[in-house]
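A short worksheet on the structure shown next.
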Amino acid sequence: MRAKAELWQAGNGGQDMAGESHPVLEARGIVKIFGQHRALDGVDFAVRPGEVHALLGENGAGKSTLIKILTGAYQPDGGEIVLDGAPVRFTDPLNAQGSGIGTVYQEVNLLPNRSVAENLFLGRQPTRFGLVQRHAIVTQATALMATYGLDIDVRAELGSYSVAVQQIVAIARAVELSGKVLVLDEPTASLDRNEVEKLFEVIAKLKARGLGIIFITHFLDQVFAVADRVTILRNGQLIGTRDLSTLTATEVVRMMLGKDLAYGHSSLPVAEAAKGPVKVTFTGLGRADRVAPFTLSLHEGEVVGVAGLLGSGRTEMARLMFGVDTADEGDITVAGKPVKIRNPAQAVMAGFGFCPEDRKLDGIFGELSVRENIIIALQAKLGWFRALQRDEQDEIAGRYADDLDIRAANHDMPVKLLSGGNQQKVILARWLANDPTFLILDEPTRGIDVGAHAEIVRTINRLREEGLALLVISSELDEVVAYSNRVVVMRDRQMVAELHGADITPAVIVAAIADNTLTPEPVT
Amino acid sequence: MKRQALTSALLRPQFAALAAVLFINWLLFPGFFTITWQDGRLFGSLIDVLNRGAPVAILAIGVTAVIATKGVDLSVGAVMAISGAVAAVMVSTGTPASIAIPVALLAGLVCGFWNGVLVTYLDIQPIIATLVLMVAGRGLAQLITEGSIVTFSDPLLSYIGTGALLGLPMPVVIALVLMIVTTLAVRRTALGLLIEAVGVNRSAARFAGISSRLLLLMVYSFAGFCAAIAGLIVAGDIRGADANNAGLWLELDAILAVVLGGTSLLGGRFSIPMSVVGALIIQAMNTGILISGFSPQFNLVVKSAVIILILVLQSPQAGQWISRRFTPLTPPPKRSAE
């Protein structure tokens, strides 16, 4: 894999005809270390004038760290940044902005209660005798907006316009202030299709003006629609920088997830026939701003894997199922009986469990003991007055801690002192203690050590044999293939495919994620 | 095992601090520990500390649970004024105290419920949400008393502030009973654990299926209820309701008592009896400075110095330092075998 990555890197020089145009901004061998973790490990990155350069990678790949270094928010621990051929050091984002690098974030950070014109000229208002020339601002702002193809009243409050317009105002401001490089950090995440089109027109104009544009997104189709080149990171490593005209979507996904098409079956596919009767059914469950309606049934003793890129709607789907977000539409039945799930408490009552993606934020009670962390969901289910006595707590905690091999000096120590893998097992134990019928695991093996990793995969298989219905979301395709009876694929907040039996291979999953027609099997 | 738990509880820095303050009081005033029996009740400086400390202790009992949820309640002083005003106005216009007292307690409960609604349903930060009632509540109390100090001579209401039961002043009895009942209520049920869970990580609590809204509503309501009890005691003590001064700044003493008792303002672990000990430390200092003959101006400065000292002693760093120096090299028992 490493050898291949280097090959990709080496390949970028020869294939671009404009290859000799010098990069406007370049990062060479950037290293960034947080504690013991190498967030970036010798990453090279270069954006040329007049190109749109997409930056891709899954969670934790190092995209945002790289951007923060390029825009002066972080200082690199190694490597150098080169602007217009000369090494530079950005002390802070303002400094980088002054040097020509403007950034626009997904959340527009301008002043919504001031006018568009004021937002455009804030901090550099044209003045005469020390007084702001309001009229001049309005004229100039109107002219500026016209160059972006926007005919709007610049005297109106920024907040009265759509997010798309606000985003374009933010871009205009960044370009006016900086003018060499524009970083767009997930600019389309909260836009609808027409708005995205509009934004792309603006990007095309800026590209024609010779700006270097760095474009970060989770939407592959947008990358192909607007970008010229792409740089892909994975786990802090540079996987490659390539010309998009030479790439297919499948290749991009493969580079992001680290899967080779020649990989084939990694293990025996799990027999689908082994499963029992239907346990839970979600019919047309959806929520307008999160995930399109989907239908999915899970059987007793079945593991359904969920694959998809970050932002594809995989976590959103799980949150809807568990009532963390309330669904707009759709029905849920458990063992044939309809249930209402409008909050997690109701989901717990219905026999659901959910190990969330962000352990620290949504899972762990750091100050509470291992024992309390294990019994807490059961206690919440039992209610206020049926308190578990100390000996019952000890018995339950002891049983599940042994069962999952949780390594803790004792069960009264705060759970925050345990390793990530053991914390994950504690959350798993919490749900198992609740005797669930349906368990959702969102990235259960992320950020944990190899031993605990194998343990959790083994546990998933064991729980299936014990008759649980499991939904497992994971970016690790090897894993998904190893334990899934079925795999559903998410893309663009929709469930786009359901894979069975022999189709459950990394190659087919990658193709489905990338919208390739290797084995199309659309659902509903 | 039980005895070991008791000794380790008594070795907490709060008890050491309380003992130290009492000891200094004794140095300053040799008659400090003298307790006499007169007219069917106990008298003495120590009893005084308990009696005068009761209102803050009662406030602290309510505020403890609020702080454990990572919240805070600044309005309890104002709620004291409201409950005192309601009771005083009602009895002075001829309503029997047996009706006035429950109504005043209900008023406190409603005030707390209001705070809870602001915090849980409108998602206002607790410090701001309760600041509203801290300011408005005192105004409300003044409206109820129509701006004057309402006095009364109702025997039952003044008994709450000045009476005695089994030789102990009534406020002490009330605080003691409230402490025991509340502690049992949170520790014999799952409430204590659930409150701590919400305080440690509200998002994780939601994912674990805990209905934190209901819990928060209850906790804030209870703080209002406790404040109403303290308000009745203060009103009964002076046989009148002073909307301007009843409970003034006591919310700060109550928060301090909770923090001295070892509950973190970041939420999580809490202990109601320890908060009461915290309230007693504060009152012991107040009483000590008064009886020592120092001018009362010293009171606030000395108090703050002592508080800083106690908080430093309670910090984990100090704890580690002390345990490194003073513990024999035997590992702690692995798990309690009760």
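Backbone N, Cα and C define each Cβ position, glycine as well.
According to TrEMBL:
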TRANSMEM  B:15-37  transmembrane segment
TRANSMEM  B:49-67  transmembrane segment
TRANSMEM  B:99-119  transmembrane segment
TRANSMEM  B:126-144  transmembrane segment
TRANSMEM  B:156-181  transmembrane segment
TRANSMEM  B:214-236  transmembrane segment
TRANSMEM  B:248-267  transmembrane segment
TRANSMEM  B:274-294  transmembrane segment
Six or more residues beyond either end and a Cβ under 8 Å away: which residues meet both conditions relative to the transmembrane segment (B:99-119)?
62, 71, 73, 75, 79, 82-84, 86-87, 90-91, 125-126, 129-130, 132-133, 137, 154, 156-157, 160, 216-229, 231-232
Are the transmembrane segment (B:274-294) and the transmembrane segment (B:214-236) close, by which I mean at least 3 Cβ pairs under 8 Å that are 6+ residues apart in sequence?
no
Sequence-remote contacts (6 or more beyond its ends) of the transmembrane segment (B:248-267), Cβ cut-off under 8 Å?
12, 14, 17, 55-57, 59-60, 62-64, 67-78, 80-81, 134, 196, 198-200, 230, 273-279, 281-282, 307, 310-311, 314
Out of B:126-144, B:156-181, B:214-236, which stretch touches the transmembrane segment (B:49-67) the most, going by CB pairs under 8 Å?
B:214-236
